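The signal peptide feature in Swiss-Prot is assigned to 1-22. The glutamine amide annotation in Swiss-Prot covers Q61, Q89, Q117, Q145. Residues annotated as phenylalanine amide in Swiss-Prot: F178.
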Amino acid sequence: MKFSIIALALAVAFVCVAESRSEEEGYDVSEEIQAEELEEAARGGINRKLMEMVNKLRKVQGREDSEDAGRAGINRKLMEMVNKLRKVQGREDTEEAGRGGINRKLMEMVNKLRKVQGREDSEEAGRGGINRKLMEMVNKLRKVQGREDTEEARSLKDKVKSMGEKLKQYIQTWKAKFG
């Protein structure tokens, strides 16, 4: 968890520095970022994106005002996840969609969450049911992802390391220019 927070902080800092640099030098960083996103999606970005969503849902789950989060935040996040999964499942050329494994399990979990979400006793579901279902989903995702996590973690670690080095270089050039 600490590693992902550090990685996120580095990514945000990298983008901020790159954008300020691009404004000064008149070059567009959005193309570079878009290329990185496409590359990330090609390397199994689906699983990583789902884990990011799960981590965001954990933050919502941990809040003390779980009643409000249960009614508004979690439901909105779940609908975003459903829409993303529909887009992924609609692609016939995706390997995972072809095999059906990960996407089928996720759609089963989403359908279970929809049943909980649709109940009229939303207060009860918001406090306990959805949180329990989310933790079950986290555990299932961990089992599915555990097979390829080592390889992805290494590539992510290398990517974060290179981003950190780039960030250091940008900071040094910025300090050299502006003192």
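Yeah, the Cβs are placed from backbone N, Cα and C, and that goes for glycine too.
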Secondary structure of F178 (phenylalanine amide) (DSSP, helix/strand/coil):
helix
Enter the number of other CB atoms within 10 angstroms of the CB of F178 (phenylalanine amide).
7
